[in-house]
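As given in TrEMBL:
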- 12-32: transmembrane segment (TRANSMEM)
- 44-148: domain 'FAD-binding FR-type' (DOMAIN)
- PRO98, TYR99, VAL114, LYS116, MET123, SER124, THR165: FAD binding site (BINDING)
Amino acid sequence: MDLEFLQSLDTQILVGIAAAVLAIFVGAAYLFSSKKSKGSLDAENFREFKLVKRNQLSHNVAKFTFALPTPTSVLGLPIGQHISCRGKDAQGEEVIKPYTPTTLDSDVGHFELVIKMYPQGRMSHHFREMRVGDYLSVRGPKGRFRYQPGQVRAFGMIAGGSGITPMFQVARAILENPKDTTNVHLIYANVTYEDILLKEELDSLVAKYPGRFNVYYVLNQPPEVWDGGSGFVSKEMIQTHLPAPASDIQILRCGPPPMNKAMAGHLDALGYTPEMQFQF
């Protein structure tokens, strides 16, 4: 048999094998990525997630860590959206309440909820009674907020109390995306210093992304030594710490209903149009 023919045949076989291996690799990568990105939520039906860790942050605040189906699973929650959690109140009645995880889909295998538990809160009772090994019923995603990187030049955020969780989620998603250059300016209001949720995480983002992320804390009852704002969030604070009205900015707000109403009045008076505002 001709030597040149044999060499040609060997080359064709090697090329064929290489192409087959490449096809298998690409197919496996696709299956893995699509499997990973599918998400663990169901928008119509409640699914059960096991509590694997509970970290008490203060007398009435705890961080709950729930396991996803596999170590590589993602929750599948779009930026700025929330989940519905189902539990039972002190009387054994069913209660459903929305919460925003503080984790992103880059945090594989688990998701976290930072919960402030109020004495008379119906769902607060359920979380207060939860122990490691218990399961939480979750449905989602839910919410009207939609975000694409670069859709605005800057976000202004006004949060009160546990209303910080959607703000933290959005800010973190923006800042950790190397292709997103959006700036974020946050005013975060609470009653006392001890009420500030996620302060360590927020301060860490400020230090890591100087100039792109700014936080101004406001306390109704500040300590004696305090360099933040005092009282309630005012129009002057908004003018000083949030981006001015413009077609390429948006102001997000989330807090107790009276605060949301007051902030809407301030924003309207300062010239922010309805298109520039969004309330979680």
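The backbone N, Cα and C atoms fix where each Cβ goes, glycine too.
A TrEMBL annotation is a machine prediction, not a hand-curated record.
Here the structure is a predicted model, which means the values were calculated and not measured.
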Additional residues around FAD, ordered along the sequence, whose Cβ is within 8 Å of the centroid of PRO98, TYR99, VAL114, LYS116, MET123, SER124, THR165:
CYS85, LYS97, THR100, LEU113, ILE115, PHE127, SER162
Just report the maximum Cα pair distance in Å for the recorded FAD binders PRO98, TYR99, VAL114, LYS116, MET123, SER124, THR165, no decimals.
17
List of residues, in chain order, with Cβ under 8 A from that of TYR99 (FAD binding site) and at least 6 apart
HIS82, ILE83, CYS85, LEU113, ILE115, THR165
10 Å Cβ neighbour count around THR165 (FAD binding site)?
23
Mind tallying the domain 'FAD-binding FR-type' (44-148) by DSSP state, helix then strand then coil?
8 helix, 45 strand, 52 coil
For SER124 (FAD binding site): intrachain residues, at least 6 apart, with Cβ closer than 8 Å:
ILE115, LYS116, MET117, TYR118
